[in-house]
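**Student:** Below is the structure I would like to discuss, written out as structure tokens.
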Amino acid sequence: MAVVKTTGKKDFDRSKEHINIGTIGHVDHGKTTLTAAISTVLAKRGLAEAKDYASIDAAPEEKARGITINTAHIEYSTDKRHYAHVDCPGHADYIKNMITGAAQMDGAILVVAATDGPMPQTREHILLSKQVGVPKMVVFLNKIDLLEGEEEMVDLVEVEIRELLSSYDFDGDNTPIIRGSARGALEGKPEWEAKVLELMDAVDSYIDSPVREMDKPFLMAVEDVFTITGRGTVATGKVERGQVKLNEEVEIVGYREEPKKTVITGIEMFNKNLQTAMAGDNAGVLLRGVDRKDIERGQVIAKPKTIIPHTKFKAAIYALKKEEGGRHTPFFKNYKPQFYFRTTDVTGGIEFEPGREMVIPGDNVDLTVELIAPIAVEQGTKFSIREGGRTVGAGTVTEIIK
């Protein structure tokens, strides 16, 4: 992630479009090996710094409101784009990461071992991708080198993957599926290196350029916070909209009734200096006069007076069906789940519209939510509803009450 350390650094190169991407898929299907292979193959072309499996697997821990998430952020380029790539070693880390928005992906690479085919976590990650709004994914069918002469079996696995993607409303018929061997590519075998380059060509062409909200007021969700001795407090996260320049005044909003004003005195991405952070950037910002205790994950840094924290609002929600990973039973008016906004989760209570007694899985309903802590939300803010470690609903704020 972006870390602001010293000023004697190179400037970040903005000549290529910046895209956020990540590897998803079942445990041991080769996500981290593929991440290492992509960086290694592109490094040979001068487009990345090679990262080995161990450095990605020993990912730093990120604290998400008391939840530990291991994530590895690496960067690489193709001829067309600059990519920030997130990989999570643990399955639980993926779930938390995708839900809290730590890995806000413009697209995903789904890794499926051809030796196994789609497995339970393959299905779960596809479902989660749909829930959190990942628009498209490209498939890497891995471990092909272990299936020489088994062409028919590989064809069947490919059909199964396409059907699975279509069942979750992805375009299974047209999703690129690249057959390869991440380990073979990592070991420098030319036929498998070529497949990694083919994969990145597919990512370049199939994953659409996201529409960034540049003209809206600056807002960045705080993902992580740390102190740099002698310089101050740094917050990292993804810029959701707008842009901010060095020495601009901003506010830290959420959890408290009053926002805290501060000035941005440094901006970095991947250890390179920026003059401006803009929508889509995974940036680190140095904040003047802010103590470590004044800011935490789940708050937002925003242009002054553009967003305020709220506890009560009306929302339109969809309760996931049992088959979609939701509840098996209805919920009633004393239900108190967690509501996930951007990088934070807050417990809240619900009130139904008059005449409604319960919500059945599969229902689309309007209801009122009251959170136990004020959060920076506004009309149109999206959230998910979680309980006991699973997503049970998704919603949008329709009207602020207080």
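Keep in mind that glycine also has a Cβ here, set from the backbone N, Cα and C atoms.
What Swiss-Prot shows for this protein is this:
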type: DOMAIN; residues: 16-211; note: domain 'tr-type G'
type: BINDING; residues: 25-32, 87-91, 142-145; note: GTP binding site
type: REGION; residues: 25-32; note: region 'G1'
type: BINDING; residues: Thr32; note: Mg(2+) binding site
type: REGION; residues: 66-70; note: region 'G2'
type: REGION; residues: 87-90; note: region 'G3'
type: REGION; residues: 142-145; note: region 'G4'
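Could you tell me the structural context for the features on the list?
**Tutor:** Here the Cβ of Asp28 (GTP binding site) has 12 other Cβ atoms within 10 Å, regardless of which shown protein chain they belong to.
When averaged over the region 'G1' (25-32), pLDDT in the model lands at 86.
Following the DSSP three-state reduction, the secondary structure of Thr32 (Mg(2+) binding site) is helix.
Taking Cβ pairs closer than 8 Å, the region 'G4' (142-145) reaches residues 29-30, 33-34, 111-115, 154, 179-184, 192 in its own chain, all 6 or more past its ends.
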**Student:** So, in DSSP terms, is Ile144 (GTP binding site) helix, strand, or coil?
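**Tutor:** Assignment for Ile144 (GTP binding site) reads helix.
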**Student:** Report, as a single number, how many Cβ atoms besides its own are within 10 Å of the Cβ of Thr32 (Mg(2+) binding site).
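**Tutor:** Taking every protein chain into account, the count is 22.
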